[in-house]
Amino acid sequence: ILLCGGIPLLWNLSGQVSGRAGFGPEYEIVQSLIFLLLATLFSAVTGLPWSLYNTFVIEEKHGFNQQTLGFFFKDALKKFVVTQCILLPVTALLLYIIKIGGDYFFIYAWLFTLVVSLVLVTIYADYIAPLFDKFIPLPEGELKQQIETMAKGIDFPLTKVYVVEGSKRSSHSNAYFYGFFKNKRIVLFDTLLEDYSALNKEPAEGEDGANEDTKSKTKNKKQGCKNEEVLAVLGHELGHWKLGHTVKNIIISQMNSFLCFFLFAVLIGRKELFAAFGFYDTQPTLIGLMIIFQFIFSPYNELLSFCLTVLSRRFEFQADAFAKELGKAQDLYSALIKLNKDNLGFPVSDWIFSMWHYSHPPLLERLQALKGAKQE
């Protein structure tokens, strides 16, 4: 794309499309949105074979894929449409702010992206995620009572607990919490819960003719965690909240965002940057954002990514220690082993590779840290 001038080619094509629609070169924002739409469409189409291979070859081979081909394409189309509905208006407003912001546009642009990110975090689980997966309230029972008791014990302002039908997409497990201030919700994947996992359900009557390999796989694979282990996993997740990890990550992210916009303001006037990417006569703002944020900042982003990985691993150990203080060490120990087994994680990691790439510490390191409280 870089060597063959793909970016200026696509920009010129978007100019032709906008021109035919009656928008001249002075309508840079319109041309930018067409460019963005065509670029994301190109990315989606060229990425499709790799996504298909990952889902229906690799994930299928190891028993994780639960999707049909029809579900996959419907899901991909829905993701593309939802992404465009968010991306295009936000980009248009950002470009407009940069255009009219004057010398201090980078401050207004940063504040705008801050507001957008907070709004998206707020509405994602309630309005966007349900477009793709079904969320149901966790039924009344022992597990829900235990979760509410644990949350109350550490002053976590829990309002709702949901179970998401992740098993329709994949058999990977997860759990998370979301929400601001006094409105926190917990989401559990059905694949995390032993009582909800589709893989643990008995085959329906009349399925005696199923092939032996499938029968054996279903029989031998007991997926998910017991209630005590689910509570231990949640104890770890709530530890992130109690120790302020979420807030710290937001602060770091916004400090980095402000720095990037400031450096963008310094570099955007350098015509040689645009010329290096094939833009000799024009300096479109969107192209400047792409060149500076994606290419010029690339070495810095790699270094930042490594630092955040190191910090993330530290946070994970701290969250494990918090669960340990809650008396959940033994259950978390067994839950980590089960989750690693369910997700076919390899327990041994090269220390250099894991140090650079793993946002979570390797399993054996986490177990070693919990070992003091493990009763054998």
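Cβ atoms here come from the backbone N, Cα and C positions, even for glycine.
As annotated by TrEMBL, active site applies to Glu237. The active site, proton donor feature in TrEMBL is assigned to Asp320. For His236, His240, Glu316, the entry in TrEMBL reads Zn(2+) binding site. According to TrEMBL, the feature domain 'CAAX prenyl protease 1 N-terminal' maps to 1-134. The domain 'Peptidase M48' annotation in TrEMBL covers 137-372. TrEMBL lists 203-222 with the feature region 'Disordered'. TrEMBL lists 29-53, 80-98, 104-125, 258-280, 286-311 with the feature transmembrane segment.
Beyond the transmembrane segment (286-311), the same-chain residues lying 6 or more positions past its ends with a Cβ under 8 Å from any Cβ of the stretch are 7, 11, 32, 35-36, 91, 95, 252, 256, 260, 263-264, 267-268, 273-274, 277, 279, 355-359. The two recorded residues, His236 (Zn(2+) binding site) and Asp320 (active site, proton donor), have Cα atoms 5 Å apart.
On a Cα basis, Asp320 (active site, proton donor) lies 9 Å away from His240 (Zn(2+) binding site).
Asp320 (active site, proton donor) and Glu237 (active site) are 9 Å apart (CA-CA, integer value). For His240 (Zn(2+) binding site), the count of additional Cβ atoms within 10 Å of its Cβ stands at 20 [all protein chains shown]. Candidate recorded positions: Glu237, Glu316, Asp320. Fewest other C-beta atoms within 10 angstroms, Glu237. In terms of DSSP helix, strand and coil, the domain 'CAAX prenyl protease 1 N-terminal' (1-134) has 111 helix, 1 strand, 22 coil.
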